[in-house]
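Student: Feature annotation from TrEMBL assigns compositional bias 'Polar residues' to 120-136. Feature annotation from TrEMBL assigns compositional bias 'Acidic residues' to 169-189. Feature annotation from TrEMBL assigns domain 'Transposase MuDR plant' to 241-305. Under the heading region 'Disordered', TrEMBL lists 116-136, 167-203.
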Amino acid sequence: MDGEDSFVALVHCSGKIQKSKRHGVKFTDREPVSIFIRSSSTLAEIKLSILQKLGTCGTKQVKKLFYKIPITVVSTSVWFETFVIGSDEDLQVLFHCRRSFPEVRIPEMFAKLEDRVDSSRASAPSPQSTTRGGASTSLPVVAAVVLPPEPERAEVEFEVGPDRVENALCDDDSDEEPLDIGGDSEDDIPIGAAHGGSGSGTQEYPPHLSSLNLEAIGQHQNVEATFDGQGMHDGTGLTEFQIGQSFQSKEEAVLSVKDYSIRRGVEYRVMESDSLKYQGRCKEFGNGCTWLIRIVMRKRKSTWEVRRYNGPHTCMATSISSDHRQLDYHVICARIFPLVRADASVSIKVLQEATEATYGFKPSYRKVWLAKQKAVAQIYGDWEE
């Protein structure tokens, strides 16, 4: 196995696939099993590993295997959709996403199980087949890192008859919306999959992955370096700036201030902006709010540093109808960059929706179009050069 890529993956075998306003989709099994996947693994080998971990070889089989595929990075979290792994070729998408999204340290899959038709024990599995004593002992560290604590929920299992995951959270008041992952028909397409023809030879790809050229994308891995410095302050936009906080460039500093303001639902005015300094203050400054920030260029360090900061905002978040003044195409570009990098033909509508999912504001078509053009130029170079 020298030189062969090998990694751990979590496999959910019960629970549900849910829609999530923050993450796209999530898997809810509290006791997933862990398996090792190698770059040479086949789909059949992965399915066998899952059944061996569950102790259900001979009584169950994996009917469908869903991969929680990363689509884009929204702040410090990742937006996911479901992707059906139906062939060895589809596994290459998993390997590609693993390289393209280092933020996702442990891939997650959802195995949809069914009784083996030729097994006389299918309707009455042994106690060993329904427990995970052997499997759970291999996972304490992995499970503790990946799975956050969740409120008590009813256990949800697959039914042998209707081929679907049942919704047991009718009274759940969280932002997670249950997702039906389909019935017995081969035409079933999970959320985020392309609406193409059915059949065993047709893969159900998310829309913007239908024309994904893995080899071409692999040639542009160095593009990440052009955007790595644009951390946009923090994951939620709710952490305050600190005196002495530094940025690699003025662009990064400005994007961070804008990102902070958009997430807060407040607006600010730029008071000074040149090659040596950037200063802004709340739109309500002098009217009940004292929020102000001043960032200057440190010539000796070639960085930009917060030298003055009055925060947080003491005003109420303003009511902004549908767009935000600071949500310009530069901010949008930084957010949609991973999507454009994965597929330069991704539609403006998809990019609009991704931006809205991040900030809660839907930018205009023109803003997103300009943002996409900037992203394309960052990736492939300016065509006018």
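Heads up, the Cβ atoms here are built off N, Cα and C, so glycines get one too.
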Student: Take every residue in the domain 'Transposase MuDR plant' (241-305), average their pLDDT values, and give the whole-number result.
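Tutor: Average per-residue pLDDT within the domain 'Transposase MuDR plant' (241-305): 86.
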Student: Could you give me three numbers for the domain 'Transposase MuDR plant' (241-305), the DSSP helix, strand and coil residue counts?
Tutor: 15 helix, 26 strand, 24 coil
